[in-house]
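Per Swiss-Prot, the feature Zn(2+) 1 binding site maps to Cys32, His34, Cys139, Cys142. As annotated by Swiss-Prot, Zn(2+) 2 binding site applies to Cys56, Cys59, Cys103, His115, with the evidence given as sequence analysis. What Swiss-Prot lists as compositional bias 'Basic and acidic residues' is 409-419, 455-473. Residues or ranges marked as compositional bias 'Polar residues' in Swiss-Prot: 474-485. Annotation source Swiss-Prot lists domain 'USP' at 202-1083.
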Amino acid sequence: MRFAATVSEKQSEQSVEVTEEFAVTMTEKRSCVHFDKYVDLDKLLKIIKSYQQIKCGECNERVHVKRGSRWGASNRRDWYSSSDQNCARNAIWLCLECGYYVCGDVGLPTEAQSHVMGHNRLTRHRLVIQCKNPQLRWCFSCQSLLPFDNEENGEKKDLLLEVVKLIRERSPNTYSASFETEFSCSGSIYGGIEARDGYAVRGLVNLGNTCFFNSVMQNLLSLDQLREHFLKEDLSVSGPLVSSLKELFAESNSEASVFRNEINPRDLFFSVCSQAPQFRGYQQHDSHELLRCLLDGLSIEESSLRKKLGVSDSNDSSTYQKPTLIDSVFGGEISSTVSCLECGHFSKVYEPFMDLSLPVPSMKLPPKKQQILSQAKEVLKNGAVSKDSEVVSAKPASDHNSTVPLFPSDHKIQSRPETSDNETDLVLLSDVSDTAPSTEAKGVNQILVGSTETLMHDNDRTGKTVPDKEDVRATQSNEETSASGISAVIDEAQVCGCPDLEQSSSSANQGADEELALMVADSQVLYMPYKDHLFYDDYMVAEASSSFVSGDHEPKKDYFDFSSFLDEPEIREGPVFRPLSKSEVYEAGFKADCSDDKTVSAGKGEASSSFISSDHEQNIDYVDFSSFFDEPEISERPFFRPLSKSEVSEAGFKADCSDDKTVSAGKGEASSSFVSSDHEQNIDYVDFSSFFDEPEISERPFFRPLSKSEVSEAGFMAVSGNDKTVRAGKGETFSSFMSGDNERNIDYVEFTNRIFDDRGTSERPVFGPPSKAKVSEAGFVAVSSDSDPAVLDESDSPVSVDRCLAQFTKHEILSEDNAWHCENCSKNLKLQRLREKRRTKEGLSNRWVNENGASSAFDECRDSSLNQSCIDLENGYKAAPPITKLPNCKEEESAIDDGFVGEENTKQAPITSVTETPLLGGETISSQPASDNECENWEDLAVDSEEVIVKRDARKKVLINKAPPVLTIHLKRFSQDARGRVSKLSGHVDFQEFIDLSKYMDTRCSEEDEPVYRLAGLVEHLGAMSRGHYVSYIRGGHKERRDSDTKEPNSSIWYHASDSQVRPASLEEVLRSEAYILFYERI
């Protein structure tokens, strides 16, 4: 811990080894007045001679000091105790005023916790000299180096020459050997500054979110080839980028940055921004993009300068040009070979590269299992809620202050004592009372136990209470009945867009009948809340609905067969549905508040359907929807017709009617009447065959059947209010079930099979909204996220740079849309067509030869229009246009027989010159062309001019043909999806200090030197996309030492640079980092 604190203090100090020439330059500018005043050379020489060895006096007195000594141990323990263990790592300094040896920094003695600083604080002695490097002579008061010599009689003489000789005689090996070893391994903060040609690691000032720029520049400044070029070459005539980069290299050199902790790269950054304006401002950018823009700018600038100066390294007839500096340092070449799998023809292309961008193997995280679905599955499997269990009690809905919190504020599930022992978050209600007498006189026979309306927008969540049975009876005199539903507890961390969850209460909504769908499975009631104005994507336009009609005498329990919710795909037959009162009827989101003698007009060309609620007798109409997608036949069974699309709103239509009031319909439309009477019934039959012009699109709402895989992926949570409708997906049907005394059941199995046969979905439907919450504003909340984070794919082996290179250079099969245009196969197809053409031409000419052995050119010209048909008859195939893909271009004859090839409208060649042949009667006719070769060549050219493209499956392989001096490897950690969202692939990718590219090189490569590289630096990105930071690791030290220690794995000195902060780092720390860009130098 003490050593870590010492290292951290060094980050803000200026300690460095200075060469003799530069120290002279610095001391000429600064003269110290304290040397002549406080240094007594004779006294100092005597003290130095009295010491036999050079050791730190404080470290030695740690063992032998007495309490009554000159400064007292108690006064020194606050500063020397933390540095005793590191004395062997530090240099020894001699106080020029008292001759006392103390240990301190390797560079300048400015570390606060060092013994030399403690000696200065206690004694106020100002002047010290370093024993290992006597050129370092420091004055604490002036904060500068002392002059080496003084001019006397026109000659320069070193005033401390005798002192330096005595110091070198005092057993210098006693400390220098151990110091060299410890210093090389410890990685002091300025250990890289060892000689005039060594690289001095300095921090770079952050100009405002420019860490992406600083991290790249730290690595470029550490590259030996670039530094030698910019420091030694004469670049007086250059562009702004080259000039500013040269100045930055000069400032970072150890000879020019002794007294500077950091460098301001303002000029270079502004030069880059002038050519790449996207880096302006104070926003974060990609460091790899900055690197490419900088290197391209330097290369373009150098090429432009060559053209202006007229520099040419080649003749006019040669296209060779001397590569630029960037091309010679970073430029490499890859070979891309594509070979046809059919004929073996291959093509090789050489492409230059500045860096290798390697894709990192990754995989998507599996979606989190949602708590509500897993618990519901357990309930349905184990039957946790018994048949005789009571309904969960709640306060009346009329009490506005009472709430049943859907999401408790303490993030814990509220206990419900009415449920069974195997209690879950999903509350299942059972045993709804068969009879619920009503005080309302207009046929309302049963009140729904209740449903919770929870409308969830991004930050808005409300909940409605569940009314008790007797409290509901007490409130039935009102025109409206409050509705409530299930309370589903979902992990708040998985709910998207709802960071704050509040409890609220709601009461009955005046002027609207509120009712929710009720589903029952084996005496277990599951309330499924829904709402009507829910819109999904454009492809989800078909809708369906569920309507219920109730009678008075023996109301049935309505339920959906929900046994296959998450279990085996069993579908029960003969569902019974809960009867609803007249005021509670909803058809496709349609809401009719009607009393006796109310009439609602129907859509265009449609019939009507009437509902009758009686105290003595009831006849229930229902819809046979088994043939929904069959031929448009007229249904023989009466059902209730929803209005046309023009009469409904987006979620369904809502017709509010009063007594003796009729809503006019469209042209040619019938009406639907609702009559409430004690003795009479009137049933209308509806022709539903022409309701939809396109039967695959339906706009009637329903709970869309979802497969188990869809539910497990994102799940559903339908939280909506009364009179709300859920839209379904495209091509989906709806269900319209009714129940009453004279109940006629629909074949549920047939109905669901038709749905899934037409949609091609799973056989295990789960009724609910779609799995993705694409309309969270409508009330649906998805538990899973669309952008799941990606992780490194370590299923086969740990991810490493070698594995990425192997993935980059492995064979790739090009097929289907990516099939390769094989020139050899295209040429063979042309030749095949030419041969076939000549073969048919020869057969045709032999057929028309006359008896004298001379062919009749006249007959040939006369019958030229029939040649094509004759060819077709002889060869047995019709002429076809050029085929782009053949199964085998080698087997020519089989291709012809199979009809894969043909020729286009072959025309007879024009007769350019003819010979006069005397015939009977002295007449002459044109004979064969004088030049048959000319005619044939014309036809051959016509065939050759046809553009024939044959695409074949091919194999592609990419290898490195030329290895660059500096290999830059870019790991693709950032990706962008189709929606433009950028994500980061976090995780450690294994890499080594040395890398060999031999197995990734092209076998025809003629390079003699082995492509072995050593790590020179890297760029690492920390954090996430929104709040990230770039840092860099740089290999420092003397160039000659680095070159001589290439075979030693731990001989490097590494530094960690984060903008202006620079600290030493070990090689183990470097290899543990999550590298983004790697820089390797060839050895």
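Cβ coordinates are placed from backbone N, Cα and C, and glycine is handled just like the others.
Positions of the features from Swiss-Prot, shown on the structure.
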residue: Cys32; record: Zn(2+) 1 binding site; Cβ within 10 Å: 20
residue: His34; record: Zn(2+) 1 binding site; Cβ within 10 Å: 17
residue: Cys56; record: Zn(2+) 2 binding site; Cβ within 10 Å: 25
residue: Cys59; record: Zn(2+) 2 binding site; Cβ within 10 Å: 21
residue: Cys103; record: Zn(2+) 2 binding site; Cβ within 10 Å: 27
residue: His115; record: Zn(2+) 2 binding site; Cβ within 10 Å: 28
residue: Cys139; record: Zn(2+) 1 binding site; Cβ within 10 Å: 19
residue: Cys142; record: Zn(2+) 1 binding site; Cβ within 10 Å: 16
In Å, rounded, how far does the Cα of His115 (Zn(2+) 2 binding site) sit from the Cα of Cys139 (Zn(2+) 1 binding site)?
-> 16
Relative to the mean position of the Cβ atoms of Cys32, His34, Cys139, Cys142, the recorded Zn(2+) 1 site, which additional same-chain residues have Cβ within 8 Å?
-> Val33, Phe35, Arg126, Leu127, Phe140, Ser141, Ser144, Leu146
Nearest to His34 (Zn(2+) 1 binding site) by C-alpha distance, among the binding-site residues Cys56, Cys59, Cys103, is Cys103
Rounded distance in angstrom between the Cα atoms of Cys139 (Zn(2+) 1 binding site) and Cys103 (Zn(2+) 2 binding site) = 16
Select the closest residue to Cys32 (Zn(2+) 1 binding site) from the following binding-site residues, measuring between CA atoms: Cys56, Cys59, Cys103.
-> Cys103
Out of Cys56, Cys59, Cys103, which of these binding-site residues is nearest Cys142 (Zn(2+) 1 binding site) by C-alpha distance?
-> Cys103
DSSP-derived class (H/G/I helix, E/B strand, else coil) of Cys32 (Zn(2+) 1 binding site) | coil
